Amino acid sequence: KGNKKRKRAEKGEKVSEDQSLSIIQEPPVKAKKARKKEHSEAEKKLSERENALEQADEEEHQKLFQNKAKQKKNASQAITKSVVNSATGATAKQRKRKRVANEAADRRTVFVGNLPVSCTLQVLKSLFVKYGQIQSIRFRSLVSGFKQCNVSFSCSRRKVHPNVKSINAYVVFKEECDAQKALKENGTEIASGFHIRVDTASETGSHDNKRSVFLGNLPYDIPDDAVREHFQVCGDVVRVRVVRDSRTGLGKGFGYVLFENTDAVHLALKLNNSVLMGRKIRVQRVADKKKAQKGSDQSHAPKDRVDKKKKKEKSCSDDSFVGEKANPLKKSTKPKRLKTTPRNKAGRNK
């Protein structure tokens, strides 16, 4: 029994010792956990700072890379612009040179119209050689009436539209003064029924409107000499121009006649609705397009101004008035009668 009591006492002491040890050992465990938490928070803060620094470094690297790329693009664009500007400048210079060269060539070139289809280079040379050295001669309006044939083949073979009776040519001189001298051949009869029209190439589209007449409703296959003969009664004809198609060589139905004097224009206007080759032609004056546009603009301008003034006056007069206007009453010429009270009523009132 004594041994048992001793064992029990020893066991109780061990249990008490264990409990005390557990109590003593608990606080260091909690301290370790707190320390671990503190370490983890500090590590998180450090990691966050490191991440922020890394992101800032990456952003700076990206910005530097973008700036370098922009600089490269700007440099490449500047180079391309300089190259384009130089190319455009070169092309502009080339165009100017070509334009100047073409203008100089046009001054030395003479247009010869209303030539017979059988006209050759030798005939033209013999006609214009006396005025100076000829550089080249080119025939035009030699277009075939068949779709399968080419223009070069028609020029070489002299195959033209069956309804075409005349062709044109360009004679290029070496000097400009020789081309001006060659204008004397204007109106010469090179063959029976063919009076040639000689002009400088730079002035083919220009004509004196005061001495010219516009013709409409012309036949498509009309020759220039038929128009000349029709208007020869009015006065001396300087030039006849029938506008023709560049492909077929046929007329487009209208043309112009240039006279030496303005008096012939008044006589030519009387031939309006006259019959020429089975058609009633239309004869009119040639009006300047610029003057007609200016006149139309000026004719419309005053009307607009008057309308605007009227609108302003109406608006000013109507703004101050509100409601409907009443008609004024006519004053009567009869004298007004005075109101008198009867005697009976007067006595009663008293």
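Positions of Cβ are set from backbone N, Cα and C atoms, glycine also.
Quick look at what TrEMBL annotates:
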REGION    1-81  region 'Disordered'
COMPBIAS  38-52  compositional bias 'Basic and acidic residues'
DOMAIN    108-203  domain 'RRM'
DOMAIN    211-288  domain 'RRM'
REGION    286-350  region 'Disordered'
COMPBIAS  331-350  compositional bias 'Basic residues'
*Per-region confidence, the domain 'RRM' (108-203) (mean pLDDT, whole number)*: 78
*asked:* What does the DSSP secondary structure composition of the domain 'RRM' (211-288) look like, as residue counts for helix, strand and coil?
replied: 15 helix, 30 strand, 33 coil
